[in-house]
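> One structure is given below, represented as structure tokens, and several questions about it will come after.
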Amino acid sequence: MERPVPSRLVPLPLLLLSSLSLLAARANADISMEACCTDGNQMANQHRDCSLPYTSESKECRMVQEQCCHNQLEELHCATGINLASEPEGCASLHSYNSSLETIFIKRCCHCCMLGKASLARDQTCEPIVMISYQCGLVFRACCVKARENSDFVQGNGADLQDPAKIPDEEDQEDPYLNDRCRGGGPCKQQCRDTGDEVICSCFVGYQLQSDGVSCEDINECITGSHNCRLGESCINTVGSFRCQRDSSCGTGYELTEDNNCKDIDECETGIHNCPPDFICQNTLGSFRCRPKLQCKSGFIQDALGNCIDINECLSISAPCPVGQTCINTEGSYTCQKNVPNCGRGYHLNEEGTRCVDVDECSPPAEPCGKGHHCLNSPGSFRCECKAGFYFDGISRTCVDINECQRYPGRLCGHKCENTPGSFHCSCSAGFRLSVDGRSCEDVNECLNSPCSQECANVYGSYQCYCRRGYQLSDVDGVTCEDIDECALPTGGHICSYRCINIPGSFQCSCPSSGYRLAPNGRNCQDIDECVTGIHNCSINETCFNIQGSFRCLSFECPENYRRSADTFRQEKTDTVRCIKSCRPNDEACVRDPVHTVSHTVISLPTFREFTRPEEIIFLRAVTPLYPANQADIIFDITEGNLRDSFDIIKRYEDGMTVGVVRQVRPIVGPFYAVLKLEMNYVLGGVVSHRNVVNVHIFVSEYWF
């Protein structure tokens, strides 16, 4: 059998196999909803929690499990509320429940049951008032009737109470709650659930069911180890629960809080201190202090013991005495005494007359050392020295300037040294500036002044301009950046697949106005498949075939005595139509005709910009299992449409198959359209046994992409 393979075709058997696999998977996923509901009921009965993860792989089954679990959980909570209504404490014991949702359902049914019993106690009818809900009305009526029967269900029906978990069925009644063997609490001490087959008793949190299946006993969490007391705390069991108590006391001055922590006792606020009336209570951590209320005279202050002690004003007050006087502390006060200093040579009294200060002999306008010297003051005296940058000449007896630049060459300044009277001055070369130390030179960052039109790079003693991508530095000034015309470069013709447009610093590629769009890389043009996107205008009797940059609406009809093959049904928009010979009965001419199949296929080719070797464009594969290799031969031929011998066909053998390869051997400049007629002749003994005809519709685009 042979078939042209022009493009990516999915084999039909694979498609059928995938469909059968999907149908098989769907059949296996059919799960009983009743089994899903049973799983939800079991989760409610066993765990009393519907938030646990559901294990079914079916989404619908998980939804049924969740709904049945919540419905069963509400019935269990309602039965618990009815049972509580029969307890001595009634609905008041609901504070022991932890779940707020559970408490809501239990409380609702407990109250509705209490209303039914109260209605009977007031000699009223057991029909509920219309304002309450339907479910509350059922509980109201059941508890009212139960109270009227005076517990006949538990004691008067002769049922065996040795196994309270299973109770015989009662007569069906119209009211579902009258038919419920758990109404009024049933045989259970705490929680009751009627499954239809049996009555199951259960207990509240903190209790466990006894061996009789009816009674509940407290769980000692302290013995079972199910408590959560911390290290340093002791577990104390309570009815239905437990509490944690510290092992050691908090100590004097502290009390134990409800959360088992130690808190300081404010003895002053609680009034449990023992301070005398003349003292004030001051609270401290773990204790308190008593401070006296005694008032001391002026000049005295209370100490920690409440005694009055003298205040040393000379130490506690800033400058208690006027300038020139000394402070002397006394009992309860202080006195000021005038100072009389005696200054020696080189000292004199300050302006306030309080102390002796040094006489500055070097202070202008006095020049005791003469010109060129430096006067140095000292306590009580002075001395003469040469100024910095000068040295004393013993011959001339004068101070002479030191040329530091000559004496210390290359060691004083980083770049240039210039001598000055008594000192020196450092300077720097171009591109540098003097550092804060006045000697070193540091590089000047010329880029801070933006000398370049785009980017600036500072270098040691200078700077360098450079440009961003798409620009180049001007050869004229070395500062300005000029745009690079990428489209005009020698390689510009290969930058874009269609058209290059230069823009400042870059370029843009464009595609033909129709049939193409720009690829994500911004350079290549991609063909738009109008047949896939649905933007073609083919009629219902035509088939859309995508070609490079456009599309064609074609209609292929099979010749007389031929029918379209089922495997060419164009559901997947394939590019091949195959017609198989189908002769009418007794049509000998049709039977003798060697042509067995007539096929039409469509391919689209670009205009090759560079054509250096033949391009293989289509493959015809044939299998000849009925003919031995030494007797049968397959001859491929191009019979029509080969304009200027632009195409040829060669034969090769691959994987036990004979392959006819159609090649383009000459360049064709589009737009161009031709129909290439190919023949596959099966030759046996020099005679063509049968022939297959393939019509290849070739569309050559005007573009190379």
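Note that the numbers count up from 1, one per residue, in the order the chain is shown.
Keep in mind that glycine also has a Cβ here, set from the backbone N, Cα and C atoms.
Marked as disulfide bond by Swiss-Prot on the basis of similarity to another entry: CYS37-CYS68, CYS50-CYS69, CYS112-CYS136, CYS126-CYS144, CYS188-CYS201, CYS229-CYS244, CYS268-CYS281, CYS321-CYS336, CYS386-CYS399, CYS447-CYS456, CYS538-CYS553, CYS558-CYS579 (among others). The domain 'Anaphylatoxin-like 3' feature in Swiss-Prot is assigned to 112-144; the stated evidence is sequence analysis. For 264-309, the entry in Swiss-Prot reads domain 'EGF-like 3', with the evidence type sequence analysis. The domain 'EGF-like 6' annotation in Swiss-Prot covers 401-442 and rests on sequence analysis. Residues or ranges marked as domain 'EGF-like 9' in Swiss-Prot: 527-580.
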> So, in DSSP terms, is CYS386 (disulfide bond) helix, strand, or coil?
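The three-state answer is strand.
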> Find the average pLDDT over the domain 'EGF-like 6' (401-442) in the predicted model and report it.
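It averages 91.
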> Between CYS37, CYS68, CYS281, CYS336, CYS399, which of the disulfide-bonded residues has its C-beta surrounded by the fewest other C-beta atoms within 10 Å?
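Candidates: the disulfide-bonded residues CYS37, CYS68, CYS281, CYS336, CYS399. Fewest Cβ atoms within 10 Å: CYS336.
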> Excluding near sequence neighbours, so keeping only residues 6 or more apart in the same chain, what lies with its CB under 8 A of CYS244 (disulfide bond)?
HIS227, ASN228, CYS229, ARG230, GLU233, SER234, CYS235, ILE236, ASN260
> DSSP secondary structure for CYS144 (disulfide bond), reduced to helix/strand/coil, please.
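Its secondary structure by DSSP: helix.
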> Which disulfide-bonded residues are spatial neighbours of CYS69 (disulfide bond) here, meaning Cα within 10 Å, out of CYS37, CYS136, CYS321, CYS386, CYS553?
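Close disulfide-bonded residues: CYS37.
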> What is the one among the disulfide-bonded residues CYS69, CYS456 whose Cβ has the most other Cβ atoms less than or equal to 10 Å away?
CYS69
> May I ask which of the disulfide-bonded residues CYS37, CYS136, CYS456, CYS579 is closest to CYS268 (disulfide bond) if we compare their C-alpha atoms?
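With Cα distances computed to CYS268 (disulfide bond), the winner among CYS37, CYS136, CYS456, CYS579 is CYS136.
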> Whole-number answer please: how many Å between the C-alpha atoms of CYS538 (disulfide bond) and CYS336 (disulfide bond)?
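About 121 Å separates the two Cα atoms.
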> What is the interatomic distance between the Cα atoms of CYS579 (disulfide bond) and CYS553 (disulfide bond), given in whole Å?
19
